[in-house]
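*Asks:* According to TrEMBL, the protein carries these features:
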type	residues	note
DOMAIN	475-587	domain 'STAS'
TRANSMEM	81-97	transmembrane segment
TRANSMEM	109-131	transmembrane segment
TRANSMEM	185-203	transmembrane segment
TRANSMEM	223-242	transmembrane segment
TRANSMEM	276-300	transmembrane segment
TRANSMEM	312-329	transmembrane segment
TRANSMEM	349-369	transmembrane segment
TRANSMEM	405-438	transmembrane segment
Amino acid sequence: MPFGLQTMYHYSSRVVPMLNWIVKYKKSYLLGDCIAGLTIGTILLPQGMSYAVVAGLPPIYGLYCTMPMIIYSLFGTSKHLSVGPVALVSLLLANSFPSGSTTVEKVFVANAVTFLVGFILLGLGLLRLGFIIHFVSHPVISGFTSAAAITIALTQISTCFGYEIESSEFAWKLVYETFRNISQTNVATLLFSLSCLLIMFGLRHLPLHQWLHLPEWIPQTLIGSIAPLFASILSISLNYFLNLSVKFGIEEVGHIPSGIPAPALPKLSNLALSSYIGPTFAMVALVIAESMSIASALALRYRYRIHANQELVALGTSNIIGSIFHSYVMAGSFSRSAVNAHTGANTQLASIVASLIILLSILVLMPLFTHLPKCVLSCIVIMAVSNLVDYQEAVYLWRVDRLDLIVLLIAFVSTLGSGSLYGLLSSVAVSLMMMLYATYRPKIQILPKSVTQRKVMNDLVSSTNLSLNETCVEPSILCLRISENLYFGNAGSFQSKIFRLLDKERRVRCIDMILIDIGGMSTIDSSALRLVRSVKEHLESQHVELVFCQASSNIHLKFCLAGLSSHSTLRSLEDVLTEIHCSKQTSDRNERKQMEMLQVQVVTNGQVMESYGSRQVSSSFHPLQFLYHDENKVVPIHSNMKRSTSAPSFSNLSHIPFWRRCD
């Protein structure tokens, strides 16, 4: 390929990732993609209509997802992600409609909100802000998802009982309304719903693959995945031939229009945007969280890479185009994506096949769904969201991290109590608060200074490949390590921890230097630099030197510009300690030689009895005189020496250099 065409292909494939796999497509991929696409299409047919009902829209609007699926296959980087209507987004959309809205008004609002969601997602992708997904922790997502799934199921229970209740986003109100109107229960509808749930549960969980001796290319998950379609076909057949809706009052879906309406741009000028800012951003957060989590999990499992920013571009573009074709907000589906991967999908061709199945159904099969009982759609929704209640995460957190369990429970309770919108916002707020709390408290480790401490802190030493020789650590040095970045948010905590550790160590030993290993620090902002300078000046006023070592080149440059750098900043901790130790030994040796030259006289009754030392240090320094005392002790009487009750004996006057001067 010529260089110019190769360059054009390189940049084109980055914008349209479909070019990457379509030029490398193998014939062996075709069967898996077709089977997966057919499976997803059959799942999405009843599921899409069910989710549209959850969103408060006519069932057919759940099937207008064909164009978004095709658009995502062009721009997405995930091989297995299946986009379309999802339960949680449908619930958020339903709660965003003003009370008393007509069907026409709901459709108008849904199209406009979908366009806004797509526009925001596209902007986030183009601005390379895909990293924001990491700001929401998994316990928060799990708590919100579980509570939202319960709320969705509660909205459908009344339909399974054969009556309708006032729609609400509060779980407690749904429970109250369901029991308040329970006297209106249609027994036939309830029995039909229970039978439908039992059939779908059996197809999903019973080992029918072994009982029926099915071939290996038909997995058990495929049988469970087509359970909604099987239940729909069976219920349509029973209702049509037995006339259940007339005899027993089982309510039908009714007329479903065939075909796709003409494309039209959403009319944003007629929309009160201020009323939908909260729901729009909540749906953006949910689309990102749900889509990226399942896409990342599948990419990790099947060993390929996805690009978060390109995924946002794909999701944004598909929602913008989808709003023109009357689709409502689309996101990646947990269940359908997992089935897509498990049934053999190799590329996004499976999504194109699934969209063609849906399109064919819209054009041909919609009259058959007229006789579909409404309770069946509700049963499909209940079975779909039952997998979203993640009780195993709570059990896991109880064993591993109970603080995260509290975060999960806060997200769970707030979503049940305040609704999906405020529950999601409060969940994200809790996640951000936990992140800030973790960064606000930088971990400062006291490095071991003895063999005993090294045994206790063996993991710390081995993990950093640091060997602190016991003889290299002076008792007057406090060695610390900080492995986190410093910024304006945690600099104050760093200051208080340094002072607290210094006060604690000073109770047991004299400290004249704090040596901090900052090898794990990758960045520091101006506010933190200013505070570090303040800490250094405060310690110097207390005759304590603050020294940093093992800094990266980036940190060293910032320290130099801030006037905090020294010759030790780039050196390793062990080298600095060795240098200090050697310097200390040299200083002590010189002091000892100097003191040995002092002339020491022992005086008894005013007469010099013994003399030690060769000469005086200077002419102004008089001989050190000692008064003979009982028990073979000497007591200094020179004015510039401290008195001592434990003076060295005559036989051990070599200890004299350790006596302290009173300067």
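Just so it is clear, glycine is given a Cβ too, placed from its N, Cα and C backbone atoms.
As the structure is a computational prediction, the values presented were derived from the model and not from experiment.
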*Asks:* If you count Cβ pairs under 8 Å, which stretch among 185-203, 223-242, 276-300, 349-369 touches the transmembrane segment (81-97) the most?
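*Replies:* It is 276-300, which has the most Cβ pairs under 8 Å.
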*Asks:* Which of 223-242, 276-300, 349-369 shares the most C-beta pairs under 8 angstroms with the transmembrane segment (109-131)?
*Replies:* 276-300
*Asks:* When you scan the chain for residues with a C-beta under 8 Å from the transmembrane segment (185-203), skipping those not six or more beyond its ends, what do you find?
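*Replies:* Answer is 160-163, 223-224, 226-228, 230-231, 234-235, 244, 248-251, 373, 375-376, 378-380, 382-383.
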*Asks:* Taking a Cβ cut-off under 8 Å, which residues six or more beyond the ends of the transmembrane segment (223-242) line up next to it in the same chain?
*Replies:* 39, 42-43, 45-47, 50, 192, 196, 199-200, 203-205, 208-209, 214, 250, 252, 335, 339, 343, 368-369, 371-373, 376, 379-380, 383-384
*Asks:* Do you know the DSSP helix, strand and coil residue counts for the domain 'STAS' (475-587)?
*Replies:* 56 helix, 18 strand, 39 coil
